[in-house]
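*Asks:* According to Swiss-Prot, the protein carries these features:
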MOD_RES   Lys74  N6-acetyllysine
BINDING   His564, His568, Cys666, His670  Zn(2+) binding site
Amino acid sequence: MSKSTAEIRQAFLDFFHSKGHQVVASSSLVPHNDPTLLFTNAGMNQFKDVFLGLDKRNYSRATTSQRCVRAGGKHNDLENVGYTARHHTFFEMLGNFSFGDYFKHDAIQFAWELLTSEKWFALPKERLWVTVYESDDEAYEIWEKEVGIPRERIIRIGDNKGAPYASDNFWQMGDTGPCGPCTEIFYDHGDHIWGGPPGSPEEDGDRYIEIWNIVFMQFNRQADGTMEPLPKPSVDTGMGLERIAAVLQHVNSNYDIDLFRTLIQAVAKVTGATDLSNKSLRVIADHIRSCAFLIADGVMPSNENRGYVLRRIIRRAVRHGNMLGAKETFFYKLVGPLIDVMGSAGEDLKRQQAQVEQVLKTEEEQFARTLERGLALLDEELAKLSGDTLDGETAFRLYDTYGFPVDLTADVCRERNIKVDEAGFEAAMEEQRRRAREASGFGADYNAMIRVDSASEFKGYDHLELNGKVTALFVDGKAVDAINAGQEAVVVLDQTPFYAESGGQVGDKGELKGANFSFAVEDTQKYGQAIGHIGKLAAGSLKVGDAVQADIDEARRARIRLNHSATHLMHAALRQVLGTHVSQKGSLVNDKVLRFDFSHNEAMKPEEIRAVEDLVNAQIRRNLPIETNIMNLEAAKAKGAMALFGEKYDERVRVLSMGDFSTELCGGTHASRTGDIGLFRIISESGTAAGVRRIEAVTGEGAITTVHADSDRLSEVAHLLKGDSNNLADKVRSVLERTRQLEKELQQLKEQAAAQESANLSSKAIDVNGVKLLVSELSGVEPKMLRTMVDDLKNQLGSTIIVLATVAEGKVSLIAGVSKDVTDRVKAGELIGMVAQQVGGKGGGRPDMAQAGGTDAAALPAALASVKGWVSAKLQ
């Protein structure tokens with residue numbers, strides 16, 4: 001009996017654990033500290049800084065099953081998903097890694113043993129082929145002489161991409177940096193499937209399938225293209241779980257493995273589909289994996305960046321459900337079956353199941369409102385199409401108005417053998433982005449480009465000032481040896497008390513100084529293992545190697561500490577008041593305010609906000625000790641420590657405890673006792689995305705300031721109402737009731753005046769071919785009264801056409817009324833459109849009643865004068 005996908009995953013990890021590898025949990029799908037990546041798309045992403053020498057681990061061998069997403073950006077497989085055997089938006093990458101430990105010999109031997117040993121995967125050796133880089137004789141000889149693969153099944157692949165080292169079998173992280181040859185292992189499904197071995201003209205067939213890529217990082221590529229040997233070569237491997245599962249389960253398509261068969265059956269059940277071969281089932285089965293895990297990792301549907309990619313995938317799935325005949329929201333119902341089929345890899349998802357389901361349901365409901373209208377518009381455009389390409393402007397309009405991602409439009413078009421002008425769509429999108437950039441005023445961030453080879457030691461938990469040495473200087477992202485007064489720069493020290501922004505806590509401010517210089521620090525950021533002090537040299541000069549005294553702004557740090565500690569108390573209080581589904585989705589802690597985003601599906605009630613405030617202030621009054629302990633990550637989680645969203649943790653972590661009330665992993669700076677916080681007040685609660693709420697709060701002196709401000713406002717209101725704070729509510733109710741009564745009386749007077757005005761106007765109507773035409777500009781009449789006047793006049797005049805206008809604050813308001821017996825010849829919407837166009841506006845409505853607005857009041861007399869001629873022509 002073949003292994004299940006879950007068993008294959010576990011067997012891989014168990015095998016490498018038996019070979020001395022540390023089993024490392026999958027990292028988040030949101031890459032940590034890597035702005036070059038939209039999503040985690042390979043197993044090595046979480047070890048990138050280790051390979052670059054910027055990070056160190058307490059192990060030299062690791063193995064993972066890494067969750068990955070490829071949709072959007074460079075790795076955009078979305079349009080192929082569901083239509084081919086092996087394209088996915090979400091997949092798991094099995095990998096083993098050596099950080100300067102073993103190299104080619106062991107890497108190849110490990111792979112061969114796992115794949116062919118009867119104890120493990122037991123694949124037939126004669127079905128396995130390998131490729132090596134053309135000049136990698138070492139790997140070739142290991143495969144031939146040590147493993148024993150015949151020469152005819154070892155294929156050398158050269159530079160097949162038009163440049164030196166540009167090859168399927170040569171891997172590089174970028175234009176410079178670690179790189180090296182790789183060897184790939186292929187499985188031969190047999191001659192009953194079309195295709196040829198790698199490197200042959202038929203290599204794109206499905207007979208020979210790549211199952212494992214083993215990268216040998218042995219060079220450091222220089223800017224001039226030369227390859228310098230790395231002092232400690234490393235290994236990075238990747239094997240797609242879905243691919244190896246297909247091989248081990250003896251199926252040719254990833255969608256036929258047990259995991260997908262189960263999901264496809266679940267999709268059929270919730271949509272009512274009966275044909276299990278329908279490709280829409282495969283699309284939805286794939287998409288629920290990426291969508292659910294992205295939401296669990298903190299991504300929310302939106303119109304930009306990662307959130308937009310998520311929205312595109314959700315909407316593509318919903319549209320395919322629509323094609324299958326789904327009559328109600330269905331997508332969120334697949335989260336439970338997904339958790340079941342993922343086994344141990346679904347534990348993180350299970351903890352957030354309710355939140356993930358709610359986000360998916362809300363997003364589907366919102367899109368369902370526009371899906372039908374958008375599809376109808378697309379059908380209209382395709383019906384008018386004379387060629388075989390839909391223009392980019394139309395595709396953009398569908399996106400902009402109805403929320404149709406271009407790949408969803410392309411899906412519909414592909415079903416009718418129509419292409420989409422994606423270049424035209426991108427041009428329209430880029431124009432929108434350009435306008436957005438100009439509106440935002442943001443420029444380039446040179447600091448984000450900085451790469452620092454050195455490391456800084458943070459000593460700010462115990463020191464607010466200390467002496468350090470400058471190890472690097474950067475100006476506009478470029479390394480320099482010295483800076484002079486007036487220059488803005490990033491200064492890196494060997495040790496520093498300055499806290500670099502992390503975990504939602506902002507970076508410290510302060511001063512770096514010496515006998516002859518002063519550098520004002522406005523922010524502190526991390527660059528790999530280095531800490532950069534961002535600011536401006538106020539006086540003197542500063543060079544690499546100089547000694548400095550680093551002094552943080554102590555008062556500011558103290559306020560930040562209070563706010564950060566209060567954030568932990570509030571997180572725990574929210575979980576007690578609202579439920580344990582609450583988890584952090586983002587935070588900001590500075591010296592003025594704390595901002596906390598958390599999972600919750602509805603606005604907090606006033607009594608819930610008060611309960612959270614009361615609970616936090618109760619812990620402040622308890623004056624609990626705030627204690628820090630360093631322990632292993634797994635031990636911390638076993639203790640119940642909550643991990644913060646978006647943070648990357650080492651194997652050894654700081655566990656912050658506040659008595660028996662709160663325990664979290666945190667690297668930030670904190671008060672000594674909860675009593676130091678003084679007072680906690682929530683100043684706002686709002687929504688930021690589907691299923692995500694945001695609280696802003698203040699502490700200490702900031703909280704006292706808000707109390708005084710509230711008191712001052714109440715005193716001012718009491719003074720204005722000639723009362724005092726004790727009976728203020730009664731006074732306000734009395735004033736509001738009196739105001740409502742006066743407004744009602746005023747409205748009655750306006751209606752009486754309008755009726756009188758209507759009676760006066762009726763005598764001004766003229767006869768045009770048997771129809772009474774009344775055109776008039778009114779003064780002192782509110783725009784909203786025009787409709788009432790038109791109704792009155794239609795009752796008085798019988799067969800009639802009426803156009804009334806008024807000007808208020810420079811804006812023109814227009815209304816046209818046409819009695820029903822005349823609408824076959826004159827339509828109010830066309831009439832009002834003709835007038836509105838002349839006054840710089842537009843409008844519309846029914847054939848018997850239409851309204852419009854305009855901005856050119858000076859053109860109104862001429863516009864009204866044109867009505868008689870236009871109507872006469874229509875009535876002839």
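Note: Cβ is positioned from N, Cα and C throughout, glycine not excepted.
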*Asks:* Mind giving me a neighbour count for His568 (Zn(2+) binding site)? Other Cβ atoms within 10 Å of its Cβ, every protein chain shown.
*Replies:* 25
*Asks:* Tell me the coarse DSSP state (helix, strand, coil) of Cys666 (Zn(2+) binding site).
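*Replies:* The residue in question, Cys666 (Zn(2+) binding site), is coil (DSSP, three-state).
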*Asks:* With a radius of 8 angstroms around the mean position of the C-beta atoms of His564, His568, Cys666, His670, what other residues of the same chain does the Zn(2+) site pick up?
*Replies:* Arg561, Ser565, Thr567, Ile626, Leu656, Glu664, Gly668, Thr669
*Asks:* In three-state terms from DSSP, label His568 (Zn(2+) binding site) for me.
*Replies:* helix
*Asks:* Applying a 10 Å Cβ distance cut-off over all chains shown, what neighbour count does His564 (Zn(2+) binding site) have?
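*Replies:* Within a 10 Å radius of the Cβ of His564 (Zn(2+) binding site) lie 25 other Cβ atoms.
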*Asks:* Within 10 Å of the Cβ of Cys666 (Zn(2+) binding site), how many other Cβ atoms can be counted across all chains shown?
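*Replies:* If we count other Cβ atoms within 10 Å of Cys666 (Zn(2+) binding site), we arrive at 26.
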